[in-house]
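As written in TrEMBL, here are the features:
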BINDING   His73, His75, His243, Asp318  Zn(2+) binding site
BINDING   His73, His75, His243, Asp318  Fe(3+) binding site
BINDING   Arg82, Tyr145, His178, Gln246, Ser323  4-imidazolone-5-propanoate binding site
BINDING   Tyr145, Asn320, Gly322  N-formimidoyl-L-glutamate binding site
DOMAIN    65-380  domain 'Amidohydrolase-related'
Amino acid sequence: MTERCDLLITNVHAATMDPSLPGAYGAVEDAAVAVTGNKIVWIGPRRELPDCTADQVIDGEGQWLTPGLIDCHTHLVYGGHRAGEFARRLGGESYEEVARAGGGILSTVRATRAASADDLYRKAEPRLKALMNEGVTTIEIKSGYGLDLDTELKQLRVARRLAQHYPVNILTTCLAAHALPPEYDGRADDYIDLVCNEILPAVAKEQLADAVDMFCENIAFSVEQCEKVIEAALHLDLPVKVHAEQLAATGATRMAARAGALSVEHIEYITAEDVAAMAESGTAAVLLPGAFYTLKETRVPPIESLRAAGVPMAISTDLNPGSCPIASLRLMMNMSCNLFGLTPAEALAGVTRSAARALGICCSRGVLRAGLRADMALWPMETPDQLAYEVGALRPAEIFVGGHHVTAG
Ligand code: DI6
Ligand code: FE
């Protein structure tokens, strides 16, 4: 390392999540971390720290340092709310029934089309801050409540604007193939043409998206239709992600794996064959226990097969007004253990290293290692097992994004 660094954190334990280090957390007890610019330049046992001077020294007081958390699947820019639909579902209507009756995603589409960009921005801010205050330093935000060119662009521009004003990394994903807009009723193939020929090229031209997603499900788009979206995305050099097999087995996961997708999301209904295809293509699983909980699903994703096949299991909020209006990634960690059977260490990997894999950014984030970005959270806890166990009161003492100390406000 250089002899001089910008920031030196000593007297901490580091849950590095580096898989090349021993233990489920890649833990380094009594560690030191040196940061220059936006990167970690040295991390290891404090007694091995080379002689150096630092502009700023922080005494970690024996607390635990983790990689900044990564929420790799959100729909947090949207208009309106769906509290009325929540009450209907509590009364016995299913998510699919509400959707087929013109509610669900389409009700949020109406509200998002009607909202101004400023309005969407103001409504998104508290959701973003809630995540940031929990130590989330990277957030993916999808469009998909516009379903027309102007509104898809409006949502993505709002997401980019949030990134300019808040000290957090934001990646954006175009999910124009989320639902069939009412003006295309009975003409799904025509809408897919609009997505492929107009919406995605316009989004790419303005560099508004880092990836393309689609909802491949019986209530949304077929495998054949999604294949066209994938082809268009790859043609524009945009990586793909797929909402797959949340409500039924459709073959979406194998389609995504064939295309080399970064990730498949939800996947409650996948089979052993699908898991093998994911392992082969290096496609990550994104588990969304908050949507499972909200929709009172009973079918659990095949965790044991995913684990045995070594498929990275990311965990995310799916923050959205319908199937998961819950802005807490820490609660999702807890749910992933209680509802899906992950270990606390798998839960932390799910919101750090594996979430970075699902976003295609594992070369720069998700692990504490020299050369990677200094996105970190310092936690007043005695063991990293507490992160999946305690919700609400356990908050980060310090959060760093790109080496800078931040507060969400
Ligand atoms: N799956 C989801 O969980 C969200 N979208 C999707 O394709 C739900 C979106 C909503 O209900 O508004
Ligand atoms: Fe989603």
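Glycine is treated like the rest: Cβ placed from N, Cα and C.
Features per TrEMBL, on structure.
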residue : record                                  : DSSP class
His73   : Zn(2+) binding site                     : coil
Arg82   : 4-imidazolone-5-propanoate binding site : coil
Tyr145  : 4-imidazolone-5-propanoate binding site : coil
His178  : 4-imidazolone-5-propanoate binding site : coil
His243  : Zn(2+) binding site                     : strand
Asn320  : N-formimidoyl-L-glutamate binding site  : strand
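Residues near Gly322 (N-formimidoyl-L-glutamate binding site) in space but far in sequence (CB under 8 A, at least 6 apart, same chain), listed by position: Arg82, Glu85, Tyr95, Gly104, Ile105, Thr108. With respect to their backbone Cα atoms, His75 (Zn(2+) binding site) and Gln246 (4-imidazolone-5-propanoate binding site) stand 16 Å from each other. Listed in sequence order, the residues Thr74, Lys142, Asp213, Glu265, His266, Val286, Leu288, Ala291, Ser316, Leu319, Asn320, Cys324 complete the 8 Å Cβ shell around the Fe(3+) site centroid, once His73, His75, His243, Asp318 themselves are left out.
Looking only at Cα atoms, His73 (Zn(2+) binding site) sits nearest to Asn320 among the binding-site residues Tyr145, His178, Gln246, Asn320, Ser323. For ligand 1, the nearby binding-site residues are His243, Asp318, Gly322; that is, of His73, Tyr145, His243, Asp318, Gly322, these have a C-beta under 6 Å from one of its atoms. Neighbouring residues of the recorded N-formimidoyl-L-glutamate site, listed in sequence order and excluding Tyr145, Asn320, Gly322, comprise His75, Tyr78, Arg82, Ile105, Thr108, Gly144, Pro321, Ser323 (Cβ within 8 Å of the Cβ centroid). The number of other CB atoms found within 10 A of the CB of Arg82 (4-imidazolone-5-propanoate binding site), across every protein chain shown, is 22. Note on Asp318 (Zn(2+) binding site): other Cβ atoms within 10 Å of its Cβ, all shown chains, come to 28. The local packing around His178 (4-imidazolone-5-propanoate binding site), expressed as other Cβ atoms within 10 Å of its Cβ over all shown chains, amounts to 26. Cα to Cα, His243 (Zn(2+) binding site) and His178 (4-imidazolone-5-propanoate binding site) are separated by 9 Å.
Here the CA atom of Asp318 (Zn(2+) binding site) lies 14 Å from the CA atom of His178 (4-imidazolone-5-propanoate binding site). Here the domain 'Amidohydrolase-related' (65-380) returns a mean pLDDT of 97 for the predicted model. Not one of the binding-site residues Arg82, His178, Gln246, Gly322, Ser323 places a Cβ under 6 Å from an atom of ligand 2.
Ranking the binding-site residues His73, His75 by how many other Cβ atoms lie within 10 angstroms of each Cβ puts His75 at the bottom.
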